[in-house]
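*Asks:* Per TrEMBL, the features are:
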- 1-59: region 'Disordered' (REGION)
- 24-33: compositional bias 'Polar residues' (COMPBIAS)
- 94-113: transmembrane segment (TRANSMEM)
- 133-155: transmembrane segment (TRANSMEM)
- 285-305: transmembrane segment (TRANSMEM)
- 326-345: transmembrane segment (TRANSMEM)
- 365-393: transmembrane segment (TRANSMEM)
Amino acid sequence: MSVNRKHRTPSNSSMKVEDELKATDSTGVSIYRSSDEAKDSKMQPFDIEQNGEDEGETSAFLNETSDKRAAAPPAAIAAAAAGSPEESFQARSIKLALCFVGLQVSYITWGVLQEKVMTRAYSSGDMFPSATFLVFGNRAIAIWVALALVYYPQLRHGARLEKKAPLVWYAPCSLSNVLSSWAQYQCLKYVTFPVQVVSKSCKIIPVMLVGKFVHGKSYPIAEYLEALVITIGVSLFTLSEKQDPGKGAAESTTLGIMLLAFYLCCDSFTSQWQSKVYEKYSVNQFQMMAGVNTCSVFFTLATLLKTGEFFQTLTFMADNPEAVSHVLVLSITSCTGQLFIFYTIKKFGPVIFTIIMTTRQMLSMVLSCFLFGHSLGLLSVVGAVVVFSTLGYQTRRQYLAKKAKGGGGR
């Protein structure tokens with residue numbers, strides 16, 4: 001079942017960065033379809049409803065359309081945020097707990113395995129040979145999930161199969177998503193996982209730069225200050241982190257930081273381009289997921305065959321069978337995590353989701369330090385506290401702003 005929703009252009013050219021900042025998951029689909037949806041918490045889960053990352057409980061959770069929500073008075077929105085009358089507080093609490101646990105298990109497992117695969121030798125004594133193959137494996141699984149979510153409901157109800165956007169329109173954001181995912185894996189050869197986690201908080205900066213200088217948008221002063229404080233915190237963390245002997249010299253660390261910057265730029269472009277496709281063709285999230293991952297499979301497979309990494313990696317996995325399970329678990333946890341992402345946003349709103357994911361980032365950092373022996377200096381700890389405190393303040397500010405507008409705090 002596919003929902004066609006009209007894109008509405010914001011009337012005010014001054015947009016908040018949290019409305020424009022589109023979260024893209026490892027399968028490459030932005031959470032928010034438009035800035036309007038981000039403002040009103042009108043995003044739908046990929047799997048769930050219309051957005052295609054991979055989300056939670058498939059077709060049973062279709063939201064009301066954006067137009068219906070826009071027509072609803074603030075009191076109705078607040079009532080919806082509180083849950084339906086039939087849903088008890090206990091039932092809602094259980095769902096929230098399941099979302100919390102599902103997100104933590106999926107993404108902490110994904111983070112630990114990501115670091116293990118890219119930084120530790122296998123039983124044969126060799127390292128996993130190809131970050132591109134990891135991206136390919138993830139996209140290969142994600143595409144089947146997306147196609148099932150797009151076409152099964154249509155086939156079940158005997159509807160004519162829809163094709164919204166030409167495949168070529170998905171290619172630019174697919175390529176940028178493949179490159180960002182590759183850089184995310186590859187940088188772990190040069191910097192630690194905690195550095196990667198903290199540095200991702202700087203994603204707000206390229207988004208604001210693109211919005212300001214390319215689209216001519218303006219942002220409230222509070223968002224510029226938050227971006228500045230986050231940058232200072234990330235710099236403190238990165239520059240003062242104790243050198244991991246396994247990572248090599250300072251030149252290698254510089255290369256890792258360059259890869260992280262490349263990741264952030266590509267990731268920002270991905271969500272910007274997807275906004276164009278959403279607006280032009282009114283695709284839903286599952287269609288976006290299917291289109292992006294179809295292109296991504298072609299891009300990554302072509303690269304693997306051209307470089308010889310495809311058969312090299314297959315040979316490596318034949319010699320190291322545990323690598324097969326690692327690739328599968330990485331791909332599956334990425335998809336299940338996205339299913340939980342969109343159900344959480346659908347059911348509880350983006351503020352609760354942000355709190356859960358910030359908690360996940362901190363837990364992932366602590367677990368990485370414990371499992372892989374990373375040591376953090378005092379300034380690194382201070383930098384991490386600055387970053388996460390700023391993210392917490394930003395989340396609270398967004399919550400209060402929504403509450404003041406009658407959005408029920410969601």
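Each residue, glycine too, has its Cβ placed from N, Cα and C.
Where the annotation comes from TrEMBL, it is an automatic prediction and has not been curated.
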*Asks:* Could you tell me what the rest of the chain brings near the transmembrane segment (94-113), counting residues at least six beyond its ends with Cβ under 8 Å?
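*Replies:* Contacts with the transmembrane segment (94-113): 26, 193, 197, 326, 329-330, 333-334, 336-337, 339-341, 343-344, 347-348, 352, 356-357, 359-360, 363-364, 367-368, 371.
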*Asks:* Of the listed stretches (133-155, 285-305, 365-393), which one yields the highest count of Cβ-Cβ distances below 8 Å with the transmembrane segment (326-345)?
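*Replies:* Looking only at 133-155, 285-305, 365-393, the most contacts with the transmembrane segment (326-345) come from 133-155.
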*Asks:* State the non-local partners of the transmembrane segment (365-393) in its own chain: residues 6+ outside its ends, Cβ under 8 Å from one of its Cβ atoms.
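*Replies:* Contacts of the transmembrane segment (365-393) (Cβ under 8 Å, skipping residues fewer than 6 from its ends): 108, 111-112, 115-116, 119, 192-194, 197-198, 201, 226, 229-230, 232-242, 244, 354-355, 358.
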